[in-house]
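Since the structure comes first, as C-alpha cells, the remarks are kept for the end.
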Amino acid sequence: MQGGEPASVMKVSESEGKLEGLATAVTPNKNSGNSSCGGAISSSSSNSSRGGSAKGWQYSDHMESVNGYLMKYTNLVTGWQYRFFVLNNEAGLLEYFVNEQSRNQKPRGTLQLAGAVISPSDEDSHTFTVNAASGEQYKLRATDAKERQHWVSRLQICTQHHTEAIGKNNPPLKSRSFSLASSGNSPISQRRPSQNAMSFFNVGHSKLQSVNKRAHLHPDHLVEVREMMSHAEGQQRDLIRRIECLPASGLLSSLDQDLLMLKATSMATMNCLNDCFHILQLQHASHQKGALPSGTTIEWLEPKIPLSNHYKNGAEQPFATEPNKPMGAPEAQCVAESGVLAREPEDISADDEVEDTCDNKEDDLGAVEEQRSVILHLLSQLKLGMDLTRVVLPTFILEKRSLLEMYADFMSHPDLFIGITNGATPEDRMIRFVEYYLTSFHEGRKGAIAKKPYNPIIGETFHCSWRMPKSEVASGVSSSSSTPAITDHAPLPEEAPTQSVSDCYTVRFVAEQVSHHPPVSGFYAECAERKMCVNAHVWTKSKFLGMSIGVTMVGEGVLCLLEHGEEYTFSLPCAYARSILTVPWVELGGKVSVNCAKTGYSASITFHTKPFYGGKLHRVTAEVKYNLTNTVVCRVQGEWNSVLEFTYSNGETKFVDLAKLAVTKKRVRPLEKQDPFESRRLWKNVTDSLRESEIDKATEHKRSLEERQRTEERLRTETGTPWKTKYFIKEGDGWVYHKPLWKGIPSQPAE
C-alpha cells in the first residue's frame with residue numbers, strides 16, 4: 001500500500017461497493033487538492049456535488065477533471081499496485097504518480113487520450129483498460145462498480161473531445177483529380193447492371209451530377225450537402241425496404257447473400273458519410289473568422305429524412321409496383337428495417353394509446369406427456385450448467401407476450417408506484433417501495449405460470465402507459481397504518497367511472513432490447529406529474545440445472561424521486577422452471593437488496609425456493625433497516641403470489657391480499673399504428689398461431705424471425721457495422737434512457 005493512502009481503502013465490501021459507494025465516491029474539489037484517497041474521485045466540477053443522486057444513470061457531457069487512486073496492473077511479478085491518477089482534460093492526458101504527494105513531480109507514466117479506446121471489462125465490475133492509439137495500454141481497477149463507471153465516463157468524454165479535435169485541426173487531404181464521367185474504359189463502367197436491376201434500384205443521377213460540379217465548399221453548400229445526404233439516406237431506406245419485402249424463397253429472395261451484403265454495405269457507407277459530413281462541419285466551424293457573439297448556439301446540420309420518405313406511425317405502405325398487396329401479407333411484414341429505423345427515437349404520445357383489450361390469458365402447461373420426446377431430445381444435447389442463451393427452446397412453452405411486455409406488466413399497480421413519493425418520511429417511502437416491489441411479481445409473472453415469454457429480437461421495443469385517477473393514489477398517511485386500505489381496494493378500472501385526463505396521473509413505459517449476445521433489455525417508466533422515474537437494465541442468463549432451468553436476472557434498476565432527491569437502487573431475483581419432464585412449475589429464488597444511499601435506509605428481500613422435502617411454495621421474507629442504527633423498522637413474510645404480511649416496529653400489522661389487489665390495464669397503440677419492431681406487431685404471427693394452438697405454424701414464424709436476426713448479426717460483424725440503439729444509451733456497465741426525467745427536472749430535496 002502506498003504512502004498517503006488510508007487503510008479504509010481496502011475495507012470496501014462488495015455490497016457497499018455496488019450499492020453505497022456512489023454517494024461518497026465523488027466529491028467537489030472547489031478549494032484545493034484535498035482529494036480523497038483509496039479510489040475516491042475528486043472532481044473539479046461543482047455539478048458533481050449532487051453525490052449519488054444520479055451518478056449511476058446520468059453523466060453530464062461537459063469536460064471535468066478527475067483524480068484519485070486506482071489499482072494499476074504492472075506485470076506478472078509485481079501484480080496490482082495503487083497509483084494516483086490524474087485526468088488532464090485540457091491536454092487530453094491520463095497521468096499517474098506513485099502517490100498523491102508526488103503529483104507535483106514528473107508523472108511516472110502518461111497516455112495520450114486522442115484516439116484512445118476505453119474498455120470496461122466483461123469479467124468483473126471493477127476493471128477497465130485504456131488503450132492508446134500508440135499501442136500502449138493501462139489495465140486499471142477501481143474500488144467498486146460505481147467508481148469504475150465514473151472514471152470510464154469521464155475518460156470517454158475526454159477521449160471523444162480530443163479525437164474530434166483531430167478532424168478539426170487537421171484539414172482533409174486534397175481531392176484527387178479524376179472525373180466520374182469517364183469514358184467506358186474503366187472496369188466499373190464495364191460492369192453495367194441490367195435494365196431490370198436499374199429499374200429496381202433507381203438512383204437520381206441528375207442530382208448526383210449536380211453535386212460533382214461543385215468544386216468548392218462554400219458555407220451555403222453545407223445545406224446542399226445535407227439535402228443530398230437526406231436524399232441518399234432516403235434511397236438507402238427504400239433499398240432496404242425493397243430487399244426485405246422480397247419473398248423468402250425463389251429466384252431472388254430476401255435472404256440472398258449478395259442482397260444481404262448490399263444492404264449491410266449501404267448501411268456502413270451511410271454511417272461513414274455521416275461521419276465525413278460531421279468532420280466537414282467541424283472544419284467549416286474552425287475557419288469562421290471572429291468570435292461568435294455571446295449566447296450563440298451551434299446546431300449541427302444532421303441529415304434528416306424528408307417527410308415524404310417517412311411512413312406514418314411506422315405502418316407498412318404498398319409499393320407502386322404492387323398496389324393491391326395487403327398490409328398484413330407475410331411478404332410485406334418488413335420486419336428487419338432495423339438498420340436505419342432503429343436509430344431514430346420516436347416520441348409516442350399517450351393520447352394515441354387506448355386501453356388494452358387483448359386477452360392473453362395463459363393456461364398452465366400441466367403434464368407434458370405429448371411433448372416428452374421433444375424435451376428428451378433437447379435434454380440429450382445439454383450438459384449440467386450449460387448456458388442456454390443460444391439454445392432454441394420448444395415453442396409450446398412460450399407465453400403469448402414478449403419479455404419486454406412482461407417487464408411492463410410489473411408496473412400493473414401504478415397506484416402503489418405513484419404512492420411511493422407520497423410517503424411523509426424516508427422510512428415510509430422505503431416501506432412503500434418494498435410494498436410496491438413485492439406486489440409487482442404476481443402480475444409480471446402471471447401468478448406462477450410455467451411458461452416463458454418470447455426472447456426479444458435486438459432492436460425490439462415496447463411502449464405503453466397507464467392512467468391512474470388521482471383519488472385512488474395513496475396519500476401521505478404512513479404505510480404503517482393498520483387500516484386495510486389495500487385489501488379493500490377501489491373497484492377494478494373497468495368498473496370505475498370515466499375520469500378526465502386532468503384528473504389522472506399518467507405513467508409512461510418504454511422498453512428496448514439493446515443487445516442480443518448477451519441478451520440485455522433496458523426499460524424506463526416515469527410519472528412526470530409526480531417527478532419520479534425508474535430506469536433499469538437486465539441481462540437474462542439461463543442455465544441448465546438437470547431437471548430444472550435457472551434464469552439469473554443480472555443488472556439493476558434505480559428509482560428516482562426527484563421531489564425528495566432520493567435514489568433507490570434495486571436488483572431482481574432469479575427464476576427457476578422445475579420438473580421440466582413431468583408437470584413444470586415456476587418459482588422465484590435468491591436474495592435481492594434495495595438501498596437508498598441518501599437516507600440510509602435499505603431492505604433485504606429473500607425469495608425462498610422450495611426445499612426437497614416439505615416447505616411452502618413461493619415464500620418470501622424481507623426486512624427494512626435504518627443502517628445508521630441497524631434498526632429493523634419493518635418485516636414482511638408471506639407468498640409473493642398470494643398474501644403478504646407487513647409487521648411494523650410499533651407492533652401494527654397489515655395484510656395485502658394480491659388476489660384482491662386491483663390490476664390497472666395498460667394502454668397501448670392499436671396494432672396498425674405500431675412500428676414494425678414493436679413487440680406485438682413483431683410477434684403477431686407467432687401470437688396468432690399460439691392462440692389457435694398451431695404450434696408448428698408458430699414455430700415456423702418464430703424460426704423466421706430468429707434466422708433473420710442471426711443473418712443480420714453475422715453481416716454486421718463481417719462489415720464492422722456496430723448496432724445503434726434507439727432509446728437507450730450505454731453508460732459504463734448500464735443502459736440509460738436517452739431522455740430521462742432527471743435531465744429535464746432538477747432534483748430538489750424537500751425541506
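Sequential numbering from 1, following the chain as shown.
Using the three backbone atoms N, Cα and C, a Cβ is placed for every residue, glycine included.
Keep in mind that what you see is a predicted model, and the values were worked out from it rather than measured.
Note on Swiss-Prot: of 153-175, 475-497, the range annotated with the feature region 'Disordered' is 475-497. Looking up Ser13, Ser60, Ser182, Ser349 in Swiss-Prot shows the phosphoserine annotation sitting on Ser182.
Among the candidates Ser179, Ser286, Ser693, the residue that Swiss-Prot annotates as phosphoserine is Ser179. Swiss-Prot gives the label phosphoserine to one of Ser119, Ser186, namely Ser186.
Checking Ser53, Ser102, Ser194 against Swiss-Prot for the annotation phosphoserine singles out Ser194. Taking Ser15, Ser36, Ser308, Ser679 one by one, Swiss-Prot attaches phosphoserine to Ser15. Looking up Ser134, Ser177, Ser183, Ser521 in Swiss-Prot, the residue bearing an annotation of phosphoserine is Ser177.
Packing against the region 'Disordered' (694-716) from elsewhere in the chain are residues 248, 255, 260-261, 263-264, 335-336, 338, 392, 394-396, 398, 454, 457-458, 516-517, 682-683, 685-686, 722-723: each is 6 or more residues past its ends and has a CB under 8 Å from a CB in it. Per-residue pLDDT, averaged across the domain 'PH' (63-160), gives 87. Residues in the domain 'PH' (63-160) partition by DSSP class (helix H, G, I; strand E, B; coil) as 19 helix, 40 strand, 39 coil.
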